[in-house]
Each structure stands twice: as C-alpha cells, then as structure tokens.
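Chemist: Once you've had a glance at the structure underneath, I'll fire off some questions.
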C-alpha cells in the first residue's frame, strides 16, 4: 500500500503544485489502484509515476469543484484508448454522473470498458468486499463534500507450521484444510481443529482521506485511530479566519484533528499557491508543534503505508 500524490495544490495549478489528485496504490493487496479526486492534468502527472491508468479500479471524488474533477473526463477516455478493459467505478456527490455523461457525450468520447458511477446521497458505507470497506461522511465546505475512511479488514493469521511439524504432521493438502479452519482426522485417529493452529490475525490498516473542509467533528470521526490521515492545509495558522470564511483549514487545525482522533500519521496537502518555494515549510512547522508525526506532500511524492 502506497500513496502517490499527483496534485497537492489548492484551487488552481501553480508552478510547483498541480491541483488535487491522490493515487492509493493497492498493488500487493488487490493489484489495483484507487484514485481520490482528479483535477486537471492528473493524467499528465501520472506519466511521471508508476501509476497505470489501466489498473485504476475506483475513483472517489470528494466534491465537484473544478480543481477536483476537471481531469476526470480525459482520464476516463485515455484509459479506454490505452486498452483498459476492466470495470471502473466512480463514486462522488450528486451531479458527478451528469458531469461525466455530458463531458463524454459532447466530446464523443467512447469508453470501451464497463463504467459505473455511484452518486453518494447518504453517509455510511459506499463500498465493501472481502478485503476493504469505505465509509464516508459529509464535511464542512461551501458545497457538498465528502471525506473517505478506507478500512482494510483484518488479515487471517498464519498457519502455525512449526507446531504441526512438532506433532509429526507432514506438509501437504492437510495444511490448507487446517488453515481453512477445517476439523481434520489423522490416520492415527487424532482430531485436529484448524482454528487451533492459526496465529493471531493481523490488524488491517485505516486510511482517512478528507476533501476540502473547515475544522469539523466529521473529520475527527473519519480519522479516528487512522494509520494515516490526509488532511487539507490550505492556510497557515495566522489566516484561520480566512480559512473559515472560505471553508478551508489551517495546518494547525489539521494537526488538531489528527491529535484528537489518535491518528498515527498526518500528511498535509491542498496547499495554497501563496506558499511558494520553501515557504510551505512554515505550515509543516506549525502542524508539528501540535502533532509531531506530520509530513507535507509535494507533487509526485510517494508515501508507503507499512503494515
């Protein structure tokens, strides 16, 4: 599991930062990539990374401001042009379906793979399978905006091979049956319960990716006990009132959410273009005063998420 930040700027592109897009690489977990937001030029940013459009399985849109969606039609079309055939699902607020349909129709872009668009109308679980589930809550922004909590389900513990070998059980198909939790009878009549030969489960990871938002309770709830919290930091602490007026957060407010939620790690993104060069480091300094394990994303930077 690895983050690749494709765009970390706020509102409009700048020389140093493109607009919002984050790839969550799940190559080991499911051989796929999930994308969060897709601002203009996202597909161009992808060219500089290991992300492959054909591997993008899901796209989660936080809200419908242009700096978060204007790259979506182009990416959907290019995925088809490049031979993508596997299904892709886009999740987002009401209106995302119309945006995609109109953009593809007017440009006569033909997508040759199954494309599903799921409009989120209620908070709660928007996706679940055997490996992950994704929950969402409304944030505090000028238009409807969602944050996403990605939960990896606990992974089954390893088979206690050494314990079986000590008992004289030889490797073979029986090992698989025991790992599947079956009750197995050996040739000598010994009964083995597979559940007694499985180690403790490995706890799954929790990732929280928030859209644009003021400081709010929903952010804390989504980030509770997260291994990684990705939070916007459009403004410095001295501009807290301006952040509030424009429905955004300061770096210090992001750190406060991480602290309250008992998150393990905070990554700041959505940085205003007013912070050019190394001036963005002031945002990092302010956040670390409150939450030490804070990093600030830059375009094309990767962040592994350890188990």
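Positions of Cβ are set from backbone N, Cα and C atoms, glycine also.
Pulled these features from Swiss-Prot for this protein:
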- 63, 65, 141, 212: Zn(2+) 1 binding site (BINDING)
- 67, 68, 212, 270: Zn(2+) 2 binding site (BINDING)
- 67: active site, proton acceptor (ACT_SITE)
Chemist: Do me a favour and check the Cα-Cα span between residue 212 (Zn(2+) 1 binding site) and residue 68 (Zn(2+) 2 binding site); whole Å is fine.
Modeler: 10
Chemist: Within 10 angstroms of the C-beta of residue 212 (Zn(2+) 1 binding site), what count of other C-beta atoms is obtained when all protein chains are considered?
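Modeler: So the number of other Cβ atoms within 10 Å of residue 212 (Zn(2+) 1 binding site) is 27.
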Chemist: From the Cα of residue 141 (Zn(2+) 1 binding site) across to the Cα of residue 68 (Zn(2+) 2 binding site), what is the distance in angstrom?
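Modeler: The Cα atom of residue 68 (Zn(2+) 2 binding site) is 13 Å away from the Cα atom of residue 141 (Zn(2+) 1 binding site).
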Chemist: Using a Cβ cut-off under 8 Å and a sequence separation of 6 or more, which residues in the same chain sit near residue 63 (Zn(2+) 1 binding site)?
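Modeler: In sequence order, the residues whose Cβ lies under 8 Å from that of residue 63 (Zn(2+) 1 binding site) (at least 6 apart) are 92, 93, 141, 143, 144, 145, 146, 211, 212.
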Chemist: In this structure, which of the binding-site residues 65, 270 has the fewest other Cβ atoms within 10 Å of its Cβ?
Modeler: 65
Chemist: Determine which residues of the same chain, besides 67, 68, 212, 270, have their CB within 8 A of the center of the CB atoms at the recorded Zn(2+) 2 site, and list them by sequence.
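Modeler: Neighbours within 8 Å of the Cβ centroid, excluding 67, 68, 212, 270: 10, 11, 19, 20, 37, 39, 62, 63, 65, 211, 232.
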Chemist: Across all chains shown, how many C-beta atoms besides its own are within 10 angstroms of the C-beta of residue 141 (Zn(2+) 1 binding site)?
Modeler: 22
Chemist: To the nearest whole angstrom, state the Cα distance for the pair residue 65 (Zn(2+) 1 binding site) and residue 270 (Zn(2+) 2 binding site).
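Modeler: That comes out at 13 Å between the alpha carbons.
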Chemist: Applying the rule Cβ within 8 Å of the centroid of the Cβ atoms of 63, 65, 141, 212, what extra residues of the same chain belong around the Zn(2+) 1 site?
Modeler: 62, 64, 68, 139, 142, 143, 145, 211, 213, 247
Chemist: Near residue 67 (Zn(2+) 2 binding site), which residues of its own chain have a C-beta under 8 A away, given they sit six or more steps off in sequence?
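Modeler: Once residues fewer than 6 apart are set aside, residue 67 (Zn(2+) 2 binding site) is near 9, 10, 11, 12, 19, 20, 39, 40.
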Chemist: Helix, strand or coil: which one is residue 141 (Zn(2+) 1 binding site) in, per DSSP?
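Modeler: Assignment for residue 141 (Zn(2+) 1 binding site) reads coil.
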Chemist: Hey, what's the Cβ neighbour count for residue 68 (Zn(2+) 2 binding site) at 10 Å?
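Modeler: For residue 68 (Zn(2+) 2 binding site), the 10 Å Cβ neighbour count is 26.
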